[in-house]
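Features reported for this protein in TrEMBL:
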COMPBIAS  27-49  compositional bias 'Polar residues'
COMPBIAS  66-91  compositional bias 'Polar residues'
COMPBIAS  114-128  compositional bias 'Low complexity'
COMPBIAS  167-187  compositional bias 'Polar residues'
COMPBIAS  218-234  compositional bias 'Pro residues'
COMPBIAS  244-255  compositional bias 'Low complexity'
DOMAIN    444-480  domain 'Zinc finger Sec23/Sec24-type'
DOMAIN    517-755  domain 'Sec23/Sec24 trunk'
DOMAIN    760-844  domain 'Sec23/Sec24 beta-sandwich'
DOMAIN    855-952  domain 'Sec23/Sec24 helical'
DOMAIN    981-1054  domain 'Gelsolin-like'
REGION    1-128  region 'Disordered'
REGION    167-270  region 'Disordered'
Amino acid sequence: MAQPGRPPAASGHSSQNGAGGERYSNGPVQNSLMHSSQMLDGQGFSSTVPGLYSHQIPTKVPVHPSSGQYNFGGSQNVSPLSNQGSGQTLNRPPVGPISMAPLQHASSVPQMLPPSQNSAAIPSSSSSFVPGAYPPALSNWQYGQTPMSQPTGSQTNHFAHVAGTLSTQPLSSSGSTNPATSYQYTVSPGGPPLQNSYMKPGSVPPPVNRPLASAFPPSRPPLGPPPAGGPPLVRPSATPVGPPNSSLPQPLLNSATNQEGDATAAASDGSLVQNSYDAIEGGGFMATTYPSPAPQNLKMGRNVGYSYPTLPPGYQNSSSPGAPGMQSSPLQYPAGPQPFPQPVLGTNHITGSMGGLSLQPEGLRSINLLQERNILPTTPLQAPVPNLHEEIQKLNCNPELFRCTLTNIPQTQALLNKAKLPLGLLLHPFKDLSQLPVVTSSTIVRCRSCRTYINPFVSFLDQRRWKCNLCYRVNDVPEEFMYNPVTRVYGEPHKRPEVQNATIEFMAPSEYMLRPPQPPVYLFVFDVSHNAVETGYLNTVCKTLLDNLDLLPGNTRTKIGFITFDSTIHFYSLQEGLSQPQMLIVSDIEDVFIPMPENLLVNLNENKELIQDLLRTLPQMFTKSLETQSALGPALQAAFKLMSPTGGRISVFQTQLPSVGVGSLKSREEPNQRASAKDIHLTPSTDFYKKLALDCSGQQVAVDLFLLSGQYSDLASLGCISRYSAGSVYYYQSYHHQHNPVQVEKLQKELKRYLTRKIGFEAVMRIRCTKGLSIHTFHGNFFVRSTDLLSLPNVNPDAGYAVQMSVEENLTDMPVVSFQSALLYTSSKGERRIRVHTMCLPVVTTLNDVYLGADVQAITGLLANMAVDRSVSASLSDARDALVNAVIDSLSAYRSSVLSIQQPGLMAPYSLRLFPLHVLALLKQKAFQTGTNIRLDERIFTMCQVKNQPLIFLMLMTHPNLYRVDNLTDEGALNINDRTIPQPPILQLSVEKLSRDGAYLMDAGSVMFMWIGKNCGQNFISQVLGVPSYVSIPQNMTHLPELETAESTRTIAFISWLREQRPFFPILYIIRDESPLKSSFLQNMIEDRTESALSYYEFLLHIQQQVNK
């Protein structure tokens, strides 16, 4: 259990996230480089079995489900905390305005914001859903949400009501002014660029979005006269409340129930103590209050910027001293903070300053979709650029990491309802980055009220005070934050890396730990029944594991273990001193126990030879087995018991339906009823796997499921083990080493990535947003603890998340709003780290501006997540209807409320020109399409991918890219590491675009098709495919030969480049007209009619008919 006074567990800086750079001491005097102490091996890690979690706070159900909430049954919803009820109801007493010392300048006259009026929901159109159309248990997916009601006078800061008292002392991790012991800063390259990441090797920017800046943007000199004289003394903050968890029972010590929030518990003396990481990371829906002497002006001077005292040039009409191009005066230190005039910043002001940016003319254009058919861009679609001043926008978060469905945030819920577009965020928080600033400091500066991390969008009122951009509280700048380790200058807090980078990683001090950082622990659980041995998967998995054993993320503390199972469970003792691994068989699967637990999970480095022996012999050990039963449930129970003391990752390989013991399942698939939307089984048939996943989550264990099966295996039930434990699901349909050899390569490549990619343990994530906005639904693989805290026992760089939001209070007088995600995790090197992403977006007051900033890809991604939930809670047909209605409602609203002249045709704003096409693509995707050709497990797996894939991959799977590849040239090509990568234009997905004279590559994300036309040029066939003629192309060709020709080099370079950018391995199928796979290729032609779906033009006519009703 970490105490506040103990040194951080790992002050060393080397980690898998990248090589360390220079380290800086933390003071104005010392400039010498400081060497950080390396963490000792086997650092005091408690392996006693912690108690299970106490009962979790149940997921809340909205108090007043209204027609506007984008709620799906099955998602974990967040609702306003109620002041009524008993039991575990969280109370939020009405509170007055946050008060603090009055500002010392003219604009600080205390003014209260008028209470926001709850605007009535507008009636939804006839084509949207009607409240009550479904049983009450199913939440409605409709527009027109009434803002959630609140107690009179309450703010959006919610308070924990414990024993009738509120804490009046800050948490120990707040921005205290205790002197720092050391300060380290580096720009980390983020680890060796793994072969599957967005960032391409080399110096060329990626095809989708600009990379994060590797150096800090040059900041402006301080505006206005800086303080002169010596630095004034800073009053120390209140003493932290006692040692964390000092009075709590042992079971809570090792638990990480709420690692990122701030729930508190009453100690025996009535004081408040931290009882979880919720207390450590701070401030979710139940933010702790702090005493402050006077009311604070919340209305005036809400400036946004990273320097003080005034706004960036684009936010004001008059130039200020020290603006770019002007000489700034030398630093002087006055006796105390100087008063600075701050202009009132309203929405009209910001609009006036920002009008006429390049986004406007194109964005405001209306398009008649029925006439303009060629609207698909020939290059990958970029995320829209928020309409912010360039000084602010250049600091904004990379949209690959964090993007919003609307880059112009509507000022009121009524305006959002009117637009009929969903408001939400899509995140890729742990993405592999080529550049990642990493900061080590004993003080992490955060808002004392809402616990937001300091970021580029806060405002510095003067050298000593900064205003939070989420709750607008004014905070003191800690003394150690005055020193900038990059420039080695004192008195420039606004130039610190934390205020210059929207994405940053902090090395967390010991206050952010509830126990010593856990070691990396990997447990592999193999199905060895007759069916499993027959597939031959064990050979591939064991060989890949052997090859990559030294590349597993970790350090000298890394542990590994193995379990195999059929109708019994087999453990493997790898005790030091044994000449070979020893198998221990437990046949009592009704009451599983762990034999010799101390020798089953062993240190990887100390027992490497035994582990290698086991991996070499495992594939042969069960070749003669005739045991056909599968006891997956008991095997998982055993794995959980083995992993509970430490936490870690369980990788389970399964090839059939579990048939004996707890968790056994029966087949529910009837091939003839696959098309019947009402009868397909998308819900789990048992809650065993979900309950076990929640137990795993409580002990910081994640379970990744590899399903290699040709038969129905009920992935709807089995997948719960990964979904709720923050794991991943991999599915290899009909895997067989002889009958389906192409799957062997796919498993090999994906398993290598899985084993060697970076990993975060015992993680939690919280998303915060500006006062007035609220988050109500989360999507992804996790478990929600304490209302808005996502529990992630493991976090990996390939996982995406989504959240739905609403405007709870009018955003009056706010020119911009901000969103911040904070991911607290333990690296594989044993360091506690916090990765923070912050995004700033403008607020708008007109419907036109809302449509102008619509991000059609993010909207499609969020709707896809919602549609998966709707499929499970209601039915597949309901989800399909809801997707179509989303298009109808938004285009109807645009036609009736924005277009001044009614025109014939189907009019859409330029930003939504691809919306109908993307929704049609979703309807034709395996998750939502109708027809009998989709296996149930395949449909469920696609739904799992929708919920867990980052947006860029989800869009590629939904709307593939089509390229002509028989005429590749070097024109416009990228040059990466001495390779020339051709960049052919993207074509529309229609057979109209195919020519029998050409060859076409379709990139559908997890699979690729190369279709060769009957009259394709002989040059391409011989120079690229390496065969003499079209008829010589083999039926099952899946590889291009590497030939010494320019055409072959270009084609292979292009396909390799596409593959390198993703974490999964797409198989390439080379097909001709007679190939059986031609139907799969044509199925992805989104714009053409299929047996069960409309063509794009027919879909547009249907939309037009509904819009014009």
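Using N, Cα and C of the backbone, Cβ positions are placed for all residues, glycine too.
Highest Cβ contact count with the domain 'Sec23/Sec24 trunk' (517-755) among the listed stretches 444-480, 855-952, 981-1054 falls to 855-952 (criterion: pairs under 8 Å).
Helix, strand and coil residue tallies for the domain 'Zinc finger Sec23/Sec24-type' (444-480), in that order: 2 helix, 12 strand, 23 coil [DSSP]. Within the domain 'Sec23/Sec24 helical' (855-952), the DSSP-based counts of helix, strand and coil residues read 68 helix, 3 strand, 27 coil. The average pLDDT computed over the domain 'Zinc finger Sec23/Sec24-type' (444-480) stands at 96. For the domain 'Sec23/Sec24 beta-sandwich' (760-844), the DSSP-based tally of helix, strand and coil residues reads 0 helix, 59 strand, 26 coil.
Counting residues per DSSP class in helix, strand and coil order gives 21 helix, 13 strand, 40 coil for the domain 'Gelsolin-like' (981-1054).
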